[in-house]
Amino acid sequence: SPKKQFFPFLTNSLHSSLLTVLSRIPLLSLHGGKMRDLVYYTQTAKFRRRFRRLQHRLPTAFINTIAAISSPPNGEPHPLLILWRYQILDPDSDIVTYWNHVFLLTSILALFIDPLYFFLPLVVAKDLCFSFDHHLAVKITCYRSIADLFFILHIVLKFRTAFVAPNTRVFGRGELVMDSNEIAHRYLRSDFVIDVAAALPLPQIVIWLVIPVARNHTADYANNTLSLIVLIQYIPRMFVIFPLHQRIVKTTGFIVKTAWAGAAYNLVLFILASHVLGATWYLLSFGRQYYCWKTACARENNEGNIGCVNQFLDCKSMVMPERQYWRNVTHVLATCDPLNSNIGFAFGIFAEAFTSEVASSPFVEKYLYCLWWGFKNLSSYAQNLDTSIFLGENVFCIVTCIVGLVLSAQLIGNMQTNLQSMSVRLEEWRIKRRDTEEWMRHRQLPPALAERIRRFVQYKWLATRGVHEESILWSLPQDLRREIQRHLCLSLVRRVPFFSQMDDQLLDAICERLFSSLNTEGTYIVREGDPVNEMLFIIRGQLESSTTNGGRTGFFNSITLRPGDFCGEELLTWALMPTSSLNFPSSTRTVKALTEVEAFALQAEDLKFVALQFKRLQSKRIQHAFRYYSHQWRTWAACLIQVVWRRFKKRKLTKELTRRESPLGANQRGLGATMLASRFAANTRKQKGLHGAETGTSSSLKMPQLFKPDEPNFYTDHDV
């Protein structure tokens, strides 16, 4: 016929045309992930002739599409052809990982769709027949066809996904094979058959093509055929999910990111198992009812009283006069009534489908009841089922019990693990706090000290939530640690006025060596006279910094350090000394936390390393900034100004008294004023020989001596 001659011609013509189109694409070679143009081929006249022959036979849209692909206006090959022929995807790339997650979700939804075919048979008990729900079949076919498209796309994507050569996995990740021929050859030998078996639209073909043209297309025949096809194809669809699940875990390390999502994922799998079990129970209930009717019908035929044929059990035969007569005189309905416990046929666990009127209910009510039946029996391991001696029924209950045990051990166990992982830190902190309480009780610590320990443990938990930041940072490469420290510390360090004078390179070196420090209220950071082993840069909270200048009587200086201030500046002076000793400098101040304090600390060794490596730390600008923001230098400067001022006042008063004691001044003033001035001058000269600062009777004119802080040698190898 013309059609039989046209389709082979059309196939050969399209094949030759596509080959000609592909021949026009420049030959490319993958070298280091880049494509190089080697040579271009011109369009052949053969393609033009064949394309003209097909113009009057093919649709206009198809002709325009082929023309656009084969003959682009700019003379370049179409991007889609280049993408298909030369684009090879990395199996660990983001797009492949994203597709794997999408396809995993689609595969699970497809496993939910397939058992819905088991709900197509309907039981019309009053008419004693079986029917087929065609409206539901149309909806399920649409959903199933959409799911099949994802399976086909997955097959296409696997033809363009590279793989790691097995012989290169000795060390590291291995070498990717980017050759499309090798990829296709490997895929065809491994998973191609299973993927194709999972993607074939077999249920659609059986429902709409095979069953209508079959000789015996009764409801029972359609149900048995469709159920067999669905069960057979359900196996490769499950085998597609298992390697996909392993591939996602191998690539990303997890299926879902959060613990709640992991618990929900395992719960969905348990719901899927319950859904399949409930649908299978409904299908077996339908088969058990049909078997009872068929047996009773055969018994009536053997007795010879009533003529009964299996075709009468299909609702399509209700228009037959013989069927109506048989329905009025038959006893099949009474013999196979599940509500009657005196019948000789044992329905067992399948009687519930008819006593509860599940078989004749609408789809939504029927589905929810079967889903609940699956949940109930899977969670109870089928212990509540009252079975008969029917072999298939007992096998079904045994399988249900085994599946319930496996799912409880695997899925429910995974759900419990995911939910417990959310509170594992809290449980560790609770155990640590209990151990701390037992230790304090055993050592009989004072209540005040024990309360301070409890506040510190509580404050550390609120600040870190039990996460060991140091262990996480040190498990990362040095470059990542540097970037993380820069992200966490740079903006906070710039808030310190002293550090704001430094350039980015120096700040990066300092941020890389900073670590967090937490202190509760009342904690002494350092005491006066103790060695200083770290500098502290305040981020939050307040500190009290006080000094008595080595315990000298009559001297006390106290200031409040706020966010942006720092303490332990003696360590910077020690680090900048070119001939600094191994001993740490002594603290000149006592630093106490007034509130809960969060700060960054810089160890002495790290500060020494930064000072030796970066000579810019010894510049004039940083020297002046250090002197300006250092509270030790501020205290010394304030005391020096006071001493100079008091000396100036003393010299001025002495000069005034000397002028008044002169003969000219005595004649001008009275005798009383002269005697008073002489007595005051005598007392002043008398107090010069006394050590008022040491005896506690110092005059207001004498300021206790405060030595100038040790000044580092800023002039050795510095830059201005």
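Cβ from N, Cα, C; glycine included.
Remember, TrEMBL labels are computer predictions, not curated facts.
According to TrEMBL, the protein has these features:
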- 102-124: transmembrane segment (TRANSMEM)
- 192-214: transmembrane segment (TRANSMEM)
- 226-244: transmembrane segment (TRANSMEM)
- 264-284: transmembrane segment (TRANSMEM)
- 395-413: transmembrane segment (TRANSMEM)
- 498-628: domain 'Cyclic nucleotide-binding' (DOMAIN)
- 684-720: region 'Disordered' (REGION)
- 708-720: compositional bias 'Basic and acidic residues' (COMPBIAS)
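For the transmembrane segment (264-284), the partner stretch with the most Cβ pairs below 8 Å, chosen from 102-124, 192-214, 226-244, 395-413, is 102-124. Remote same-chain partners of the transmembrane segment (102-124), defined as residues 6 or more beyond its termini with a Cβ less than 8 Å from a stretch Cβ, comprise 130-133, 136-137, 140, 143-144, 147-148, 150-151, 153-154, 203, 219, 223, 226-227, 230, 233-234, 237-238, 240-241, 244-245, 248, 255, 268-269, 272, 275-276, 279-280, 282-283, 286, 289, 315, 354, 359-360, 363, 366-367, 370. Remote same-chain partners of the transmembrane segment (395-413), defined as residues 6 or more beyond its termini with a Cβ less than 8 Å from a stretch Cβ, comprise 266-267, 269-270, 273, 277, 280-281, 284, 349, 377-383, 385, 387.
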